[in-house]
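Trainee: If you scroll down you'll find the structure; I have some questions about it.
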Amino acid sequence: MAKNIQSIRGVHDILPEQSAAWQHLEETVRSLLAEYGYSEIRTPILESTELFHRGVGEVTDIVEKEMYAFADRNGDSIALRPENTASCVRACIQHGLLHNQQQRIWYAGPMFRRERPQKGRYRQFHQVGAETFNIPGPDIDAELIAMTARLWQRLGLKNIRLELNSLGTPESRAAYRALLTEHFSAHEELLDEDSKRRLHTNPLRILDTKNPAMRDLVAAAPDLHDHLDQESADHFADLCRMLDMMGIDYIINPRLVRGLDYYTRTVFEWITDELGAQGTVCGGGRYDGLVEQLGGKSTPGCGFAMGTERLLELMQAQGIENQQTTTDIYMVLVGNEAIQTGMALAEQLRTALPGLQLLMNAGGGSFKSQMKRADKSTATYALIMGEEEARNGQINIKPLRDKDAQQQIMSIDGLAEQLQSLL
Ligand code: ATP
Ligand code: MG
């Protein structure tokens, strides 16, 4: 016999029993973002590879080693999007959405990165994100953070801490970068392979290392905050004051640099200790240079992206139950005549009672086996029809959850009204 085909490594099915939790999260996010005045954008999963080379940065993990890029049949280089900020910027430039106007947009969908699969790290994963344009902040930075804080609260999530930093302007960052290169070059023998490579391409990323052997060296590195330009320092202080006034706790982490190249000034992460090594559930920040880098007019931008799988794993770890899908009615139909009459009746009921959750027995079966399915279906009532009821225009209503309630037989004429009063 041929071997069953399996899904590929690091990508997962979301099974019917899991999708209620996904929908709950998506619905909560959707309504929250609408309350803050954000509109949804849906960009393609396929983009030109060049978009990410220019938008994410050549010396990032994503571009260096994680991208799913391939030659199309005509030779064009195409990539499965590894993130969606670059795509949002591309779309906004392409459709003229940044001309003298502000934008608040959000997206949700799958992203693709060829990482080593492990808990909380997959090759196809999902993000929900928001992006804002033409608002220099720090008010919008604070709004984005407040919005995520409110989302955790709505979802019932606890123990997620906010870490915050400012990367300054590209100029102050360049000066700081020179200091960093000097510091790490003086101890080159202590650097791991990744860090050696980054030393001359992207030394800030060394601060982001997860290698415990390098902890002391990183701790001894010069502090970015001592080298911020005045405007960035003021911007950051204002952001902190707004967070204070909104009652949002945060930790300033001068080592927080984030993986992507495009950040300027504000960067932040929401982190939990309850998911092991993959504890960052949301990351974001300001990217004032990105629009210009992708060919648009210089435009401030700020946004975040959160990992849907990690949030769902955290909800599960914290015992947050998602509502079970339920159904109102299971229709038991025994015999051909009952099946025919019952099908038409079911459609009439759906017309008369929009929103009615009615599960019709399909595929026949004995009375007993159908009642078993009815029981399993979580339905509140079974509607039961056999040959005799079908001939007499009658149907039985049997309460399935209330042990004391009685089954009753009635004419199908008044059934819709009867169900309306019962449900
Ligand atoms: P990490 O440091 O964990 O690799 P990152 O800096 O690469 O994260 P971002 O590109 O900022 O992550 O993406 C935002 C969020 O998307 C992350 O905080 C995380 O919750 C989620 N995420 C990123 N990569 C993955 C992945 N491979 N699998 C599952 N979720 C992911
Ligand atoms: Mg990563």
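Here the Cβ of each residue, glycine as well, is placed from N, Cα and C on the backbone.
Note that the structure is a prediction, hence the values are computed from the model and not measured.
What TrEMBL shows for this protein is this:
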| type | residues | note |
| --- | --- | --- |
| BINDING | GLU83, ASN84, THR85, ARG113, GLN127, GLU131, ARG258, TYR262, TYR263 | L-histidine binding site |
| DOMAIN | 1-354 | domain 'Aminoacyl-transfer RNA synthetases class-II family profile' |
Trainee: Using a Cβ cut-off of under 6 Å to any atom of ligand 1, determine which of the binding-site residues THR85, GLN127, TYR263 qualify.
Mentor: GLN127
Trainee: For the domain 'Aminoacyl-transfer RNA synthetases class-II family profile' (1-354), what is the mean per-residue pLDDT, to the nearest integer?
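Mentor: 94, rounded to a whole number.
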Trainee: Counting every protein chain present, what is the number of Cβ atoms, excluding its own, within 10 Å of the Cβ of THR85 (L-histidine binding site)?
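Mentor: Counting Cβ neighbours of THR85 (L-histidine binding site) within 10 Å gives 23.
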Trainee: For GLN127 (L-histidine binding site), just give me the three-state DSSP call.
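Mentor: In three-state terms, GLN127 (L-histidine binding site) counts as strand.
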